[in-house]
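Down below is the structure, laid out as structure tokens.
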Amino acid sequence: MQQCPPSPRRLRTLCRLMLPGLLVLLPALAAARAPESLALWPLPLSVEVSPRQLLLAPNNFFISHGPNSTAGPSCAILQEAFRRYYEFIFGFNKQHYGPTRTPTGTELQQLLVTVVLDSECDAFPGISSDESYSLLVKEPVAMLKANRVWGALRGLETFSQLIYQDSYGTFTISESTIIDSPRFPHRGILIDTSRHYLPVKVILETLDAMSFNKFNVLHWHVVDDPSFPYQSIVFPELSNKGSYSLSHVYTPNDVRKVIEYARLRGIRVLPEFDSPGHTLSWGKGQNDLLTPCYSAEQPSGDFGPINPTVNTTYSFLYKFFQEISKVFPDQFIHLGGDEVEFHCWASNPKIQNFMKQKGFGTDYKKLQSFYIQKLMDIIAAVNKKSIVWQEVFDGSAKLQPGTVVEVWKAEKYPEELTKVTEGGYPVILAAPWYLDLISYGQDWKRYYQVEPLNFYGSQEQKKLVIGGEACLWGEYVDATNLTPRLWPRASAVGERLWSHGDVRGLEDAYNRLMRHRCRMVRRGIAAQPLFTGYCNYEESI
Amino acid sequence: MAGSTLWFSLLLAAATAGPATALWPWPQYIQTSDQRYAVLPKNFDFRYHAGSAAKPGCSVLDQAFQRYRHLLFHSASDSPTGRTEKQYAAEKNTLTIFVATPGCHQLPSLESVENYTLTINDEQCFLLSETVWGALRGLETFSQLIWRSADGTFFINKTDIVDFPRFPHRGLLLDTSRHYLPLSSILDTLDVMAYNKFNVFHWHLVDDPSFPYDSVTFPELARKGSYNPVTHIYTVQDVKEVVEYARLRGIRVVPEFDTPGHTLSWGLGVPGLLTPCYSGSKPSGTFGPVNPILNSTYEFMTTFFLEISSVFPDFYLHLGGDEVDFSCWKSNPDVQAFMKKKGFGEDFKQLESLYIQMLLNIVSAYGKGYVVWQEVFDNKVKVQPDTIIHVWREEAPVNYLKELELITQAGFRALLSAPWYLNRITYGPDWKEFYMVEPLAFDGSPEQKALVIGGEACMWGEYVDSTNLVPRLWPRAGAVAERLWSNSRVTDLEFALTRLTNFRCELLRRGVQAQPLNVGYCEQEFEQA
């Protein structure tokens with residue numbers, strides 16, 4: 001229990017809590033007394049809650065720009081967010097509340113949002129976006145301050161989580177002071193739209209739920225072996241031939257919609273175009289891109305990874321990634337590079353020749369490195385930075401400084417973190433957070449208890465861990481089960497990546513997460529239950 | 001074994017030809033050919049044969065016709081116009097139904113005959129069944145035989161089907177105590193059950209966490225014991241709606257009121273019903289199972305089950321009897337004294353036995369049959385010979401197949417659920433494990449095997465509510481449905497995967513949020529309008 005129960009009868013003195021290391025634990029109290037009250041998720045860095053409660057009247061409360069804010073009504077990010085959060089706070093009940101005034105002195109009438117520095121209203125969020133904010137809730141006007149709009153968005157979410165309905169249905173908030181900023185700058189969710197196509201509606205809903213959990217990266221694993229749903233402008237045959245059907249595609253308009261919807265929520269869209277393996281679906285629309293496999297000196301008719309030995313491959317990749325670099329505004333592109341099967345390369349006489357010519361012997365890792373380096377040069381040429389799966393680092397390709405390595409193999413991942421950071425590369429952790437690997441019971445606890453910095457290494461090495469991702473691979477997931485499978489399990493990862501490393505208590509997490517899940521349900525997200533029990537507003541699902 | 005060769009040849013045919021590959025569960029005998037007939041939505045009609053015992057006005061079939069017309073053709077309007085006017089040499093625009101025995105207003109029962117034959121050839125398009133329940137099963141099969149070509153035309157192939165269930169009790173358990181399920185979730189589930197030819201809804205209504213059944217005689221039970229006495233209850237009217245909705249789909253509703261354990265939520269509304277636990281010489285403030293030593297307990301049960309017996313029309317009630325924790329009984333001095341007086345020594349199984357026997361007497365006096373969980377049998381409670389024993393434990397005290405052997409050896413009828421706890425999820429295609437279960441793979445005489453009346457897929461509610469019920473249930477429960485309906489030789493996993501994948505897409509088309517079995521896609525995805 002890092003926050004105080006907002007019960008005025010119980011505590012007369014200001015309950016001053018938080019700041020890591022100085023935690024005052026009040027288990028059971030908050031949970032037992034206030035089932036619908038404070039359930040901050042992820043827990044902010046510092047929370048002070050006073051016993052003094054303020055009431056909010058839907059017809060006499062509004063969110064607006066502070067007088068000194070660098071953002072104003074022309075800032076779409078905030079205008080849209082004000083409207084969204086008003087809806088989340090007062091929800092479906094607002095029409096039931098007439099203009100009845102509450103006694104003055106106990107009412108919160110306004111939230112003023114002030115952006116201090118250049119607002120970045122019209123920009124895209126990036127890896128170094130400032131998401132910090134401070135929130136002062138005091139009668140009659142609450143103040144939310146942030147350096148940039150990104151922090152304002154996070155603060156609005158927190159503000160909405162502070163408000164609850166008491167047993168009479170009155171919207172209530174405790175006077176409080178919150179100072180908050182994320183522990184890691186990269187907090188991602190991976191979705192896989194190749195193994196199963198996900199309708200745009202489902203992706204947008206996921207972005208909403210991500211913002212409720214302060215995630216800020218949608219890692220979009222767009223294409224893979226089974227299907228190629230990305231509709232390329234330059235190479236339309238890729239999806240014409242490689243998608244499941246012509247209705248299972250993302251048009252340029254769909255992609256723009258996703259990117260803008262994400263931007264409005266302070267979420268980056270990180271596209272992954274995995275190669276040279278995991279590319280079967282590319283081959284259908286792009287002749288001669290994949291390696292023909294041989295069986296007994298004859299082409300077998302099967303295809304392997306991208307053919308790294310021909311120039312046409314690289315001219316294709318250059319044009320393709322030129323398009324990708326324009327369509328996706330993020331500074332990074334995920335290049336994949338995982339699980340490259342060598343047997344098809346090894347079977348092909350032309351590739352064998354090439355290997356000989358290059359002096360690679362039979363070390364196909366060298367061929368893989370050759371390919372990846374040419375690809376990373378292309379990415380640099382289109383002014384983007386690369387993220388790769390850990391094999392690329394393991395395969396000892398010379399990575400450009402600043403290339404981000406994503407660690408996904410569960411076995412001995414702390415050792416891998418040590419190695420990658422020893423090499424001086426920034427790293428993203430996904431290994432312990434493969435949410436598609438379901439099991440019976442409360443597996444969220446396992447995700448929650450992961451400590452990303454729990455590996456052998458110097459302070460400088462630890463600083464290279466820029467964050468993590470919860471991955472929901474698509475073998476067994478589509479629109480029918482994505483939302484309940486992702487939430488609230490991914491929320492556990494959300495708090496691990498946002499909150500201070502000392503926030504680890506499972507019982508407290510359970511009590512908050514249970515209520516956070518009910519809040520998501522109330523907002524229309526079909527988040528599944530943690531355990532036996534109920535929510536007050538289950539009907540919205 | 002003529003049947004066996006026939007079946008294998010059909011298996012091959014179905015696996016290669018498109019049309020029949022969405023059939024689920026697989027019929028007992030089927031012969032199809034490539035010869036096809038067009039079905040024109042505009043002209044299509046279900047019609048009672050003049051000699052049929054069920055006639056227009058038969059609620060069960062009248063409404064089924066409407067449902068299946070909608071399921072089959074609701075998307076027909078988006079077919080390219082002009083095409084629909086095309087004349088096909090061979091059209092089938094009437095399915096004629098002949099039901100041999102009357103009975104449109106009755107309830108389905110364990111004894112209901114669900115056999116049917118379906119004949120689609122040049123001369124006929126005909127569904128013949130003994131009862132309306134068989135006709136319902138046949139209509140479902142008929143709906144699965146119709147397919148749509150790329151240009152939007154509906155077709156049905158020349159087909160002969162003779163079909164009947166392998167087991168008469170094919171159930172699905174939902175748990176509305178650990179999480180409340182809105183009425184709409186229950187009704188939707190009944191629809192999908194009918195698509196899978198399930199015929200028993202085992203409604204685990206109440207348990208420790210909550211008591212959502214709004215009893216007329218004891219309104220305090222739900223008022224105090226439900227999660228919310230307004231929004232999280234089932235009124236008697238709700239129950240009636242469920243029972244009628246189920247009846248119209250040939251599904252029985254077997255309610256479970258589990259005692260003497262799993263009853264914490266009962267205690268809130270009926271003071272004195274539960275055993276006060278002691279810590280040392282003082283009541284600890286916590287409560288254990290129903291208190292079996294008081295007359296008031298049996299008076300309560302007599303009144304309560306009188307209500308239940310009339311609200312739930314099925315012949316059977318499920319009385320639970322599982323997982324009785326003896327520690328609270330042991331701690332209570334009054335219970336100890338009672339044990340001594342009865343000469344039970346330290347054997348609390350005898351106390352449980354006494355309770356169960358009293359309860360069974362009460363329920364049988366109301367003319368009801370009953371199902372109990374296996375502990376009642378394991379603990380050697382004396383029960384009437386017509387009791388149905390429900391096997392749920394996988395390994396202890398013995399493997400579930402051995403348990404079936406012991407139960408049937410003792411002459412009791414048995415129901416199997418142990419390998420079909422669908423709430424227990426694992427990564428990957430776990431439906432295969434459910435599918436490969438053979439309920440009769442135990443040592444026993446043919447008479448013993450005949451005592452296994454079926455099984456149930458169970459979806460316990462610890463981690464399940466309306467947010468995830470549907471994708472967790474379907475199509476996984478379909479594996480159990482086929483095991484309980486189809487011939488025991490239908491065990492080919494590849495054949496099953498092909499059909500179940502197609503059937504799952506058909507479920508999506510029907511609006512059911514059934515999750516994927518593997519990598520792939522359906523023409524019409526969920527949430528893609």
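Glycine is treated like the rest: Cβ placed from N, Cα and C.
Straight from TrEMBL, the features:
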ACT_SITE  B:E323  active site, proton donor
DISULFID  B:C58-B:C104  disulfide bond
DISULFID  B:C277-B:C328  disulfide bond
DISULFID  B:C505-B:C522  disulfide bond
DOMAIN    B:23-145  domain 'Beta-hexosaminidase eukaryotic type N-terminal'
DOMAIN    B:167-487  domain 'Glycoside hydrolase family 20 catalytic'
SIGNAL    B:1-22  signal peptide
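Fewest other C-beta atoms within 10 angstroms, among the disulfide-bonded residues B:C104, B:C277, B:C328, are seen around B:C104. Reported as a whole number, the C-alpha separation between B:E323 (active site, proton donor) and B:C104 (disulfide bond) equals 40 Å. Per-residue pLDDT, averaged over the domain 'Beta-hexosaminidase eukaryotic type N-terminal' (B:23-145), rounds to 91. Note: the Cα of B:C104 (disulfide bond) and the Cα of B:C522 (disulfide bond) are spaced 37 Å from each other. Counting only residues at least six positions away in the same chain, the Cβ atoms of B:R504, B:C505, B:L508, B:R509 sit under 8 Å from the Cβ of B:C522 (disulfide bond). If you measure from the Cα atom of B:C277 (disulfide bond) to that of B:C58 (disulfide bond), you get 55 Å. It is 54 Å from the Cα atom of B:C328 (disulfide bond) to that of B:C58 (disulfide bond).
Under DSSP, the residues of the domain 'Beta-hexosaminidase eukaryotic type N-terminal' (B:23-145) split into helix, strand and coil as follows: 35 helix, 32 strand, 56 coil.
Here B:C58 (disulfide bond) comes close to B:Y48, B:V99, B:C104, B:V132: these same-chain residues lie at least six apart in sequence, with C-beta atoms under 8 angstroms from its C-beta.
DSSP assigns B:C522 (disulfide bond) to coil in the three-state reduction, outside any helix or strand.
Mapped onto three states, the DSSP output places B:E323 (active site, proton donor) in coil. Fewest Cβ neighbours within 10 Å among the recorded positions B:E323, B:C505: this applies to B:E323. Following the DSSP three-state reduction, the secondary structure of B:C328 (disulfide bond) is helix. Mapped onto three states, the DSSP output places B:C277 (disulfide bond) in strand.
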